[in-house]
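Feature annotation from TrEMBL assigns signal peptide to 1-18. Look at TrEMBL and you will find C28-C51 tagged as disulfide bond. Summarising the annotation, TrEMBL assigns domain 'Cupin type-1' to 65-220. Annotation source TrEMBL lists oxalate binding site at N110, H115, E120. Summarising the annotation, TrEMBL assigns Mn(2+) binding site to H113, H115, E120, H166.
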Amino acid sequence: MKIAFGLCFIVLVSIAYASDPGQLQDFCVAVPDPKMLMLCLYVVFVNGKFCKNPNMVVAEDFLFQGLNKAGNTSNQLGSFVTPVNVNQLEGLNTLGVSMARLDFAPYGINPPHTHPRATEAFLLMEGTLYVGFVTSNPADPAQKNKLFTKYLYPGDVFVFPQGLIHFQFNVGKTNAVAFAGFGSQNPGTITVANAVFGSDPKINPDVLAKAFQVEKNIIDYLQAQFWYNNN
């Protein structure tokens, strides 16, 4: 037992003095092995994906094909995102980068959302987009969250800082195409409306009515809608 206690102490001390790694997934739920529990060795943290044996790696592990193909924008948003992150391209694991193609029908929108684990560099190739992001809550409660917006034209690049709510809206009468680069192998996406009104199970409508300062029947209506996820 002294050995087990010593091992536990070393593990806890090492955790206490180590900085947190950058998140690569929302959470990692550990399943302790009862046999290892006595030695306190079940505290193993995985942040990302397990690695393939280097001797088994092939060139195809670093290849993704098809980003030249337009996504299907016939949905309620009029937009489609084709992601290329570690879930589609295994070779990106641990490299800290990923990308996506975004297609917009006329007046299509990529609604307000955030990427909790990455800054986004956004390049417009075709069309005209109205884009923007909102800052986090200011230190001075008398100030408001600041909105930064811009109209983009082919060849323009706009940056969305990590974790901040942002959007893209096609203001033109033709299709628009853009490509985005992310500073994470798995940037994650939280679409604001979907998360707030389309969660499963639903958030107590009394909570949302109070938070948004509206009548409960408005929240009931919003929660009854179908919320399309644009990854």
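In case you wondered, yes, glycine gets a Cβ from its N, Cα and C as well.
Within 10 Å of the C-beta of E120 (oxalate binding site) there are 22 other C-beta atoms, taking all protein chains into account. Within 10 Å of the C-beta atom of C51 (disulfide bond) sit 10 other C-beta atoms, taking all shown protein chains into account.
With a 10 A radius on its CB, H113 (Mn(2+) binding site) counts 22 other CB atoms from all the protein chains. Shown in sequence order, T114, F133, F160, L164, I165, P187, T189 are the same-chain residues outside H113, H115, E120, H166 whose Cβ sits within 8 Å of the Cβ centre of the Mn(2+) site. Averaged across the domain 'Cupin type-1' (65-220), pLDDT in this predicted model comes to 97.
Cβ-based neighbour count (10 Å, all protein chains) for H115 (oxalate binding site) stands at 23. Other residues of the same chain near the oxalate site, with their Cβ within 8 Å of the Cβ centroid of N110, H115, E120, are A100, H113, T114, F122, F160, H166, Q168, A180, F182, P187, T189. Across the structure, H113 (Mn(2+) binding site) and C51 (disulfide bond) place their CA atoms 30 angstrom apart.
If you draw a 10 Å sphere around the CB of N110 (oxalate binding site), it holds 26 other CB atoms from the protein chains shown. Separation of the C-alpha atoms of H115 (oxalate binding site) and H166 (Mn(2+) binding site): 9 Å, rounded to the nearest whole number. The two recorded residues, N110 (oxalate binding site) and H166 (Mn(2+) binding site), have Cα atoms 9 Å apart.
Of all Cβ atoms in the protein chains displayed, 22 besides its own lie within 10 Å of the Cβ of H166 (Mn(2+) binding site). Here C51 (disulfide bond) is positioned 33 angstrom away from H166 (Mn(2+) binding site), judged by their C-alpha atoms.
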